[in-house]
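Here's what TrEMBL has on this protein:
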type: DOMAIN; residues: 18-49; note: domain 'Alpha-D-phosphohexomutase alpha/beta/alpha'
type: ACT_SITE; residues: Ser27; note: active site, phosphoserine intermediate
type: BINDING; residues: Ser27, Asp245, Asp247, Asp249; note: Mg(2+) binding site
type: DOMAIN; residues: 83-133; note: domain 'Alpha-D-phosphohexomutase alpha/beta/alpha'
type: DOMAIN; residues: 175-252; note: domain 'Phosphoacetylglucosamine mutase AMG1'
type: DOMAIN; residues: 266-399; note: domain 'Phosphoacetylglucosamine mutase AMG1'
type: BINDING; residues: Glu339, Ala340, Asn341, Arg460, Pro461, Ser462, Gly463, Thr464, Arg469; note: substrate binding site
type: DOMAIN; residues: 441-489; note: domain 'Alpha-D-phosphohexomutase C-terminal'
Amino acid sequence: MFRMGLLAALRSRSKESSAIGLMITASHNAEPDNGVKLIDPMGEMLDQRWESIATELVNVPNSALQEQLDKIVMFSGANVTSPALVFVGRDTRPSGPHLSEASITGVEAYSGKVVDFGIVSTPMLHYFVALHNSTQSENEPQPDHLRTAYFNKLSLSFIDLQKGQTTSGNYSAELDFDGANGVGAIIMKEFSKHIGSKLKVNVYNDSTDVRGKLNYMCGADYVKTNQKAPEGLPRIPNRRCVSVDGDADRIVYFYTDADGKFHLLDGDRIATLVASYLMDLVRESGLSIELGLVQTAYANGNSTRYIAEMLKIPVACVSTGVKHLHHRALDYDIGVYFEANGHGTIVFSSKAKQIIAKAVKDEKAAMRLERVVDVINETVGDALSDMFLVESILAARGWNLSDWEAAYTDLPSRMLKVVVKDRNLVQTTDAERKCTAPAGLQRAIDELVKETPYGRAFVRPSGTEDIVRVYAEASTQEAADLLATKVAQAVFDLSGGVGTKPN
Ligand SMILES: CC(=O)N[C@H]1[C@@H](OP(=O)(O)O)O[C@H](CO)[C@@H](O)[C@@H]1O
Ligand SMILES: [Mg+2]
């Protein structure tokens, strides 16, 4: 953390002293885990070329630290005598204050200036960085002003989007919120003060309970991975529920029906809901704006078919990781991107924003489009901002969750992990949908998929854990489970599996 403080100060200097963000969080992972996310001046993720620089910097021995820093200075052309500014934030982990202190010490050791925001969500810090650099870069940073701007931006546009709703239909303005015992719960309670009666949000898993550990048996990742409701929420039949993750950049919706069956509405569902709504607004307002959607290979096959065949919206598939989705989404006038796990947002080109702003005077649909631009945190996926948008769309359509779910039926799927000696032995191409190494693995997968109706499967090395991930889908859950297991066995046999063979 200390060295990431140094690096953030250096990065600021390499970017004309713009503010750089340093967020201490391990997101959806277990409470004892830790991590750090660096944020570039426009609020985007750290430039990919700096990822390896960061990795090298944390791994050199103390004796080589200065020399390594000098190398980065040379590479980046940073002027070491110019000012540096770093915005620091952290999630609610018990390790946070200590790690935050270490990173602040790093920035200050390199004569950088720190603004410490304390506990914030990851998307908030992204937004603060972007807003400061784009509007206030000449002035002293104003933390309170930035915070207020964030809450106002989202809540005022949400309130506006709720105005003039004619019919509520099956929509009810109340939901149960699983805060994962993290910062999402704190932020949601703050928002409730701003949005008042527009939406009643019952916040659970807000870590007031001493047993409430971050992400433990709750949160968006738990719900998505286990395909079941989190602990800590009442089981009210058909109640609309949401779960966010530990740093509130992911969100999924779910409900339990009257028969006790669990229904998940994940990132794919949010993407299709948002894209179809935006498409309607664009068509209604007659604007010439090109809309596109970006997914990864983990998107359910039926969501992709629905987007391409029913919505007739162009859909692209890219490698896992938000940085890839975000980058590709920038190719469209309006780019909607979501990972199946619920991390995503919308990006609007400046051309799209101009066209919308011009049309606002005489077009109701354009006016709503403009409000959508405002309710969205374009810098990165933001659970709260995404929730406000989904709520506005459900209200406008008069939908409950089963109305939303009726658009298409998910194909049953299964995800497995395989521990191997060296995950880098597995190499992929075609947005990770095919593997090129080890020899014979792709042929084995192809054979297994051929035997499975509606079968699809792929494997890839995780970018965040030392494992190979297996994904399979098929027309039935049994078939998806079987396909995933057989593919996992092939990975185990051909890529140096460790421990017991998947069964
Ligand atoms: C299948 C899956 O959910 N993978 C996650 C996970 O990446 P892996 O590279 O699969 O470990 O963590 C990433 C960071 O949170 C997230 O962007 C991504 O979607
Ligand atoms: Mg997260």
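Every residue, even glycine, has its Cβ placed from backbone N, Cα and C.
Since the structure is predicted, the reported quantities are computational estimates derived from the model, not experimental observations.
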Across 83-133, 175-252, 441-489, the most C-beta pairs under 8 Å with the domain 'Alpha-D-phosphohexomutase alpha/beta/alpha' (18-49) come from 83-133
Filter the candidate list Ser27, Asp247, Asn341, Pro461, Gly463 of recorded positions, keeping only entries whose CB is under 6 Å from an atom of ligand 2. Ser27, Asp247
When you put Asp247 (Mg(2+) binding site) at the centre and draw a 10 Å sphere around its Cα, which of the binding-site residues Glu339, Asn341, Gly463 have their Cα inside it? none
In sequence order, those binding-site residues of Asp245, Asp249, Glu339, Asn341, Gly463 whose CB lies under 6 Å from ligand 1: Glu339, Asn341, Gly463
For Asp245 (Mg(2+) binding site) and the residue listed as 'active site, phosphoserine intermediate', what Cα-Cα distance in Å is obtained after rounding to a whole number? 7
Looking only at Asp245, Asp247, Asp249, Glu339, the binding-site residues on record, which one has the least crowded Cβ, with the fewest other Cβ atoms within 10 Å? Glu339
Env. residues of Mg(2+) site, Cβ within 8 Å of mean position of Ser27, Asp245, Asp247, Asp249 Cβ: Thr25, His28, Asp91, Ser121, Thr122, Ala220, Val244, Gly246, Ala248, Arg250, His343, Ala383
Restricting attention to the domain 'Alpha-D-phosphohexomutase alpha/beta/alpha' (18-49), give the mean pLDDT. 96
Output, ordered by sequence, the same-chain residues six or more apart from Gly463 (substrate binding site) with a CB under 8 Å from its CB, or 'none'. Thr320, Gly321
Across all the protein chains here, work out how many other Cβ atoms are within 10 Å of the Cβ of Pro461 (substrate binding site). 20
Long-range neighbours only, meaning 6 or more apart in sequence with Cβ under 8 Å: which ones does the residue listed as 'active site, phosphoserine intermediate' have? Gly35, Asp91, Thr122, Asp245, Gly246, Asp247, Asp249, Arg250
Per-state residue totals over the domain 'Alpha-D-phosphohexomutase C-terminal' (441-489) - DSSP helix, strand, coil: 23 helix, 12 strand, 14 coil
When you measure from the Cβ of Asn341 (substrate binding site), how many other Cβ atoms are you left with inside 10 Å? 23
DSSP on the domain 'Alpha-D-phosphohexomutase alpha/beta/alpha' (18-49): how many residues come out helix, how many strand, how many coil? 1 helix, 11 strand, 20 coil
Around the Cβ of Arg469 (substrate binding site), how many other Cβ atoms lie within 10 Å? Please give the count over every shown protein chain. 22
